[in-house]
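Novice: Have a look at this one.
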Amino acid sequence: MLVLGLETSCDETGVALYDSERGLLADALFSQIDLHRAYGGVVPELASRDHVKRMLPLIRQTLAEADCVATDIDAIAYTAGPGLVGALLVGASCAQALAFAWDIPALGVHHMEGHLLAPMLEENPPQFPFVALLVSGGHTQLVRVDGIGQYELLGETLDDAAGEAFDKTAKMMGMQYPGGPEISKAAMQGVAGRFVFPRPMTDRPGLEFSFSGLKTSALNTWQQCQGAGDDSEQTRCDIALAFQQAVVETLTIKCKRALKQTGLKSLVIAGGVSANKALRASLESMLGDLRGNVYYARPEFCTDNGAMIAFAGCQRLQAGQKEDLSISVQARWLMEQLPGL
């Protein structure tokens, strides 16, 4: 089965072709980072308009790269949520229109299920069951995964997601959007031990997260330094390092706790923050001590992309899941509501 995948949940337009027998044939991505940087964050209306502009050229590019034509495609998978409604509608309407014109099925895919399954595109994919850490700008969740659509939420953030905390902390220190990579870059030049921030909710049982207070601690420290006349680049780097260390250690502690609670030895990390090298190193060390394994996607598939949507859609389509050609998207959508395969 050859599936065309379309991703338009936020500020990346992603298109890919995945074949159930040959694997990933082609993928293309256009990032809107430069478009939104001047505003310090994503402007939904601008995002939607740019998706309209980029979608069809990217589809043509992907078909050409895979040496395929429209009649080769068996089905279309598109992101139906969660995400920005206007952006989602661009991908959904395009998918349904093409499906109608080509007389093939179209299936809406859960954005975070796409992220969760992205490591399965790698040469050494994880095997069920496993614990997944979904960590992005909008989500921080620990999930037990027993199969596709068989998800048990173990814990999630009570306020800011980890990626959101990275972005907001970077913004308040005058760094460019997107803030996560800027924090990581600055942290490489930081001096360890100058600042120490709390590891929120690690001193109590449970698998919930909270990053709002950590973000506030970083803000207060930065403002105190500014008040003392020290707003140097080195101070910014030192705060970035302390902040990143706090987030990484918090996530690692909670992941270790989840693995022990479930008795599992395999951990998948997915979502934009899973590309963070410090987080990967910390989790690899922790899993090494537990004699377990950690899995993640290649860096370009950690952020939003069409390949993960094509793959996730292919799994569900092959299992017989079907939808009509009505256009329906969801800004909020619990992954536990998905049907199991």
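Backbone N, Cα and C define each Cβ position, glycine as well.
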Novice: Let me know which member of D159, D160, D167 Swiss-Prot also records as binding substrate at the site of L134, V135, S136, G137, G138, G180, N276.
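Specialist: Candidate listed by Swiss-Prot for the same site: D167.
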Novice: Looking at the Fe cation binding annotation from Swiss-Prot, with H111, H115 already listed, which candidate in D289, D304 is the matching residue?
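Specialist: Among D289, D304, only D304 appears alongside H111, H115 as Fe cation-binding in Swiss-Prot.
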Novice: Can you tell which of the binding-site residues H111, H115, D304 lies nearest to G180 (substrate binding site) in space, using Cα positions?
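Specialist: Given the candidates H111, H115, D304, the nearest one is D304.
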Novice: What Cα-Cα separation, expressed in whole Å, is found between D304 (Fe cation binding site) and S136 (substrate binding site)?
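Specialist: Cα to Cα, D304 (Fe cation binding site) and S136 (substrate binding site) are separated by 10 Å.
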Novice: Does L134 (substrate binding site) have same-chain partners at least 6 apart in sequence with Cβ under 8 Å from its own Cβ, and which are they?
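Specialist: The list for L134 (substrate binding site) reads M112, H115, L116, T140, Q141, L142, V143, A270, G271, given in order along the sequence.
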Novice: Counting across all protein chains shown, how many other Cβ atoms sit within 10 Å of the Cβ of S136 (substrate binding site)?
Specialist: 24
Novice: How far is it from V135 (substrate binding site) to H111 (Fe cation binding site), counting Cα to Cα, in Å?
Specialist: 13
Novice: Excluding near sequence neighbours, so keeping only residues 6 or more apart in the same chain, what lies with its CB under 8 A of G138 (substrate binding site)?
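Specialist: Non-local contacts for G138 (substrate binding site): P82, A161, G163, E164.
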